[in-house]
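As recorded in Swiss-Prot:
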BINDING   H55, H57, H130, D147  Zn(2+) 1 binding site
BINDING   D59, H60, D147, H190  Zn(2+) 2 binding site
Amino acid sequence: MILKLNGYGYSSNSYLIIGKKNILIDPGTSGTFNILMEELERNGIKDIDLIINTHCHFDHTSADYLIEEYFNCPTIIEDKEVKHLKNGDEVTVSSLFGAKLNPPKEIIPLSEIEEELKSYGLEIIRTPGHTYGSISIIYENSLITGDTIFAYGVGRWDLPTGDVIQLRNSINLLERIANERNIDKLYPGHGEIGDRMAFSYAKLFI
């Protein structure tokens, strides 16, 4: 199952995949860490095995190190964005939030663990456009889309490594996959859960 943990303020939504492993997608900001922990406790979650970041932006990743410290679990991110997460550089857009990104200690490039993730039921789709290392995740006939597409809009493409053509192509790819596999639930990086109507809304923006 996928447990939605609402984002607060400018923090991203977080999602917990509960299956063979407890996998936390996008822990959000360090400023909302305590709220996230309260939600996990309220849902009876005592262990996190892995963190996956859909991309390296501060509002999705700055609580990585706190989750790592508490649960002793590594963070996974697409290979191209490992260096940005480690360095907390301009690609993480931490300066937009007036803060510094403290990276987790153990970061695993996606390519090194992708086959293992398949054994847990996760299929990774590379969806560049919002950033060049953005990913989406298929799990149990649902799509976790990060900031590629929202229920009623699309992610920005004007930030470092963003590209509107890549974003359009990625959204078209996700739409094709959703139609072919009859996936009708989208879990975006911000806002409410969507369905395949999200792809129609996306066309209004790109």
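Each Cβ is built from the backbone N, Cα and C atoms, and glycine gets one as well.
Taking the features listed in Swiss-Prot, we show where each one sits on the structure.
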residue	record	contacts (Cβ under 8 Å, 6+ apart)
H55	Zn(2+) 1 binding site	I77, E78, E81, H130, T131, G133, S134, I135, G146, D147
H57	Zn(2+) 1 binding site	S12, T92, V93, T131, D147, L159
D59	Zn(2+) 2 binding site	G7, Y10, S11, S12, G28, T29, F97
H60	Zn(2+) 2 binding site	S12, D26, P27, G28, N53, T54, G146, D147, G189
H190	Zn(2+) 2 binding site	G7, S12, N13, D147, F150
Output field, Zn(2+) 1 shell: CB within 8 Å of site CB centroid, site H55, H57, H130, D147 dropped: T54, C56, H60, T131, S134, G146, T148, G155, L159, G189
Same-chain shell around Zn(2+) 2 excluding D59, H60, D147, H190, C-beta within 8 angstroms of the CB centroid, reads G7, S11, S12, N13, D26, G28, T54, H55, H57, G146, G155, G189
Once the chains shown are all counted, how many other Cβ atoms turn up within 10 Å of the Cβ of D147 (Zn(2+) 1 binding site)? 28
